[in-house]
Amino acid sequence: MWWKLPPSYSPTQLRDLQDWVIKPALLQVPGIADVTTFGGPLKQYHIITSPEKLVKYGLSMQNVIDAINVNNQNTGGNVIARGGQGFAIRGLGAIKNEQDIQNIVLKSDHGVPVFVRDVATVEITPPPPSGVMGYTITADKVDVSSGVEGIILLRRYENPSEVLKVLKEKIADLESSDLPEGVHLKPLYDRSFLIDHSLETVAHTLFEGISIVVILLIFFLGSIRSALVVALTIPFSLLFAFILMRLTGIPANLLSLGAIDFGIIVDGACVMAEHLIRKYRTASPEEKQQGIVKITLLSAQEVGREIFFSVTIIILAYMPILLMTRVEGKLFSPMALTLAFAVIGSMLAALTFIPVLISFAYKKALADPDKPMKEHKNFVLDFLTKSYSKALGGFLKNYKTTVLIGFGIVTVLVLFGIKLGTEFLPTLDEGSIFLRGNFPAGITIQENASYAPKIRKIIAKYPQISFVITQTGRNDDGTDPFPANRNEILVGLKDYDLWSKTITKKELVEKIRHDLQTQLPAVAFSSGQPIIDQVMEIVTGSAADLAVSVVGDDLNMMRKKAEAIARIVKVTSGADNVNIEQEGPQEQLAININREAAARFGINVADIQNMIEAAIGGKTISTLYDGTKRYDIVIRFLPKYRNSIDAIKNVQVPSLTGALIPMSQLADIHFIEGQTNIYRYGSKRMVTVRTNIRGRDQGGFVKELQKKINAQVRVPKGYSIIYGGQYENLERAGKQLAFTIPLTIVMVFLFLFMLFKNLPHTMVTMSCILFALGGGITALLMRGYYFNVSAGVGFVSIFGISVMAGVLLVSALNRTAQANENDLEGHVLEASSEQLRALLSILVVAIIGLVPAAISSGIGSDVQRPLATVIIGGLTSTLLFAPILIPPLYLWTEKRRKPQKPREVLELE
């Protein structure tokens, strides 16, 4: 956030308000971890000392430092009794202002005191800046080149919406009471924008999904009453999920609610309702005389076990997601848990009150045992059932050919997966742009900051921009150890509804980068998103898509290898913004102390080092307290005695005898090249080549690059090349899924075997996973998506849902087989035709229910689109292949298990 200043306030005064009024107040807000300040000059008391005057009065720099310290103290004198009361004795001698510093006595020469003011001037002045913050607000036409920014950090596991609400109330209180007139706090960027727009996307998706599901239920069940009864599963399941989410601390947001498929939620209830309605319709007069309660109970028991195992398998399928760690775990575990909670709620509904409510809805229809129940005609489903029955009859006559051809097609679809590229995550649109600009190494912070207004002007000219914040260098507390050539630019965007339809965000980013690169050709710019980039930088050490690091000890050799790698990366197709992350060696003024020379003059190395630090660099020697405020007291020489190499050579160092020895006689002073920062990987040094990847998948890019680097770059023993950035996350997530998905499939197999107690039936049901896999892969290829963690979560999800379809079909085949063991082909045809409506209802409802999520383009929808695409594709292929291939495969396995006797023999018997 930034603070708008009236003309009467200086940047130093504003920084003072930030440090001692605003920051302490905001830290009191529950859920706030820290407030990091960027920009604004610090207030310090500088004692600018003249070496000539020190010599004149026979003083040294250390004499001044010691005098300041001993004259800036309060002390205690125990207690004095007065009457029956005790009073504390305090000696108040702490420095209160610059006059107190000036009036400190350094020595007395023949009764004449020598004060600090005699050898130095005392100034309230800031230290050299480590970072400069500026901003432009397009609506107000405001541009500030030296502002103060407070970056407020949220505690882990806190609810952002709740904390932001309290935080904004605190800001309003500060403005009305604690801040001087004319000073305002204005939040420029906070997560509420992303949260609000993401929740808007979720709400829009959920509303569309629920509406579509209800319409489809009416279509498939043929009754508004029964459709509304089944639809009651949705609010019940959501309420059940919300209760468990509250108990487990999962917030309602895009990650937890974005990919909920209400079609999946109502599947169990839909199966129960469809089965009950079919039983009511086909019930004999004798069964009707037993009453609707008896029919409902027996019918519900027939499918209750199947629903229970099917839902359990769906929940089990989410185990790989729950076992994910780090970034991918944070992103998808809430979704898996929320959907698992909702599915458990739907199972409870399907097994408890749904049968009861369906029986109430059809009680009058079964009141007269001799009167057939009125049947709702659905010409579309009737036509599909008849067509399917006719086609399936032909398939069953040639069941071996059907199975071989069908599974051959499915195998081809699965093999299409070889063409799928891989990436860690799709690019998440956060509704803003985050740019990084690396100026040539060695540039000063002041020179770098002088280009910031130009950068803001280039970006702010576009009508889609609401604000631009530039951060040059690093913050004062050093939590971001960036060099002076670093520039970070946060670009706020107006609501997409206000944009012209002729430009997309991607095109806007490319135009901005092109303009920046054209007008500032020596600066390397990269683009990303503020939240995900910061997270990646913390987790992997680099916000780039790929970071190739040379790890070892010799920085010079490692940098040569990194430069060779950078050349290879630049000519690899898809590489964008290739550079070496760390600054190279920079020219430094080295003061190499000659120990022997120093010893001859009786001078310790520490004395020389103190002089370098205090006289040249400026040393904090004490603290001035002003109420609750604290300001550093710093000592250093006048600029003319420290701003050139000749001046530094002439700095006088006092010896034990009192003689003043020039620095040039105690040290070798010359320019060298040295490292400005050293990055580490574990305990070893590291030099990193970073690149973003555009126009191709991360996995394919890295594989090609690894081959080139292995062939062209050799590193000595003890050195290594590691691949990090987002690719590191991709590799880790891939290994997790490679272990957990097979484990899940094995567990699904065991559950199915517990249900059927029959190995062939279990294998037939498991074939639905193959159908779903082929469809999911095909859907990704058709939409041009890569395989990423979001898509992987989608595949895990459809394994359970597709198996549910197989369970219902195989269970129906088994029930009919037990009733009619002699006509195997006939009972397979009959059971499959009867079960088609149930299969269509659960799969079509699940497919269409996720269409809004698959086509959504709102902020935050990027992560859910691949997931929804995979589920829709997988269930569509399951819908196409399962009714056609499961019956012939079941028939084949049954004939191999127990060959039928010829029909003629059965008739003679």
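Any Cβ shown, glycine's included, is placed from N, Cα and C.
Per TrEMBL, the feature transmembrane segment maps to 202-221 (among others).
Non-local neighbours of the transmembrane segment (228-248) in the same chain are 210, 213-214, 217, 221, 256, 262, 265-266, 268-270, 273, 337-338, 341-346, 348-350, 353-354, 357-358, 361; each lies 6+ residues outside the stretch with a CB under 8 Å from one of its CB atoms. Under the heading transmembrane segment, TrEMBL lists 228-248 (among others).
Summarising the annotation, TrEMBL assigns transmembrane segment to 254-273 (among others).
The annotation transmembrane segment is assigned in TrEMBL to 307-327 (among others).
Among the features that TrEMBL reports, transmembrane segment is placed at 339-362 (among others).
The transmembrane segment annotation in TrEMBL covers 399-418 (among others).
TrEMBL lists 737-756 (among others) with the feature transmembrane segment.
If you look up TrEMBL, you'll see 768-786 (among others) marked as transmembrane segment.
Residues of the same chain lying 6 or more positions beyond the ends of the transmembrane segment (792-814) and with a Cβ under 8 Å from any Cβ of it are 259, 264, 267, 271, 303, 306, 309-311, 313-318, 320-321, 332, 335-336, 339, 733, 737, 741, 744-745, 748, 752, 755-756, 761, 764-769, 771-773, 776, 827-828, 831-832, 834-835, 838-839, 842-843, 846, 866-871, 874-875, 878-879, 882-883, 886-887, 890. Annotated transmembrane segment per TrEMBL: 792-814 (among others), in sequence order.
The transmembrane segment feature in TrEMBL is assigned to 835-855 (among others).
Feature annotation from TrEMBL assigns transmembrane segment to 867-893 (among others).
Long-range neighbours of the transmembrane segment (399-418) within the same chain, counting only residues 6 or more positions beyond its ends whose Cβ lies under 8 Å from a Cβ of the stretch, are 767, 770-771, 773-775, 777-778, 781, 787, 877, 881, 884-885, 888-889, 891-892. Same-chain residues lying 6 or more positions outside the transmembrane segment (307-327) and placing a CB less than 8 Å from one of its CB atoms are 264, 267-268, 271-272, 333, 335-337, 339-340, 343-344, 346-347, 350-351, 425, 535-536, 539, 729, 732-733, 736-737, 740-741, 743-744, 747-748, 751-752, 754-755, 789, 793, 796-797, 799-801, 803-804, 807-808. Non-local neighbours of the transmembrane segment (867-893) in the same chain are 259, 261, 388, 391-392, 395-396, 399-400, 402-403, 406-407, 410, 413, 760-761, 763-764, 767-768, 771-780, 782-783, 785, 790-791, 793-795, 797-798, 801-802, 805-806, 809-810, 813, 824-825, 828-829, 832, 836, 839-840, 843-844, 846-847, 850-851, 853-854; each lies 6+ residues outside the stretch with a CB under 8 Å from one of its CB atoms.
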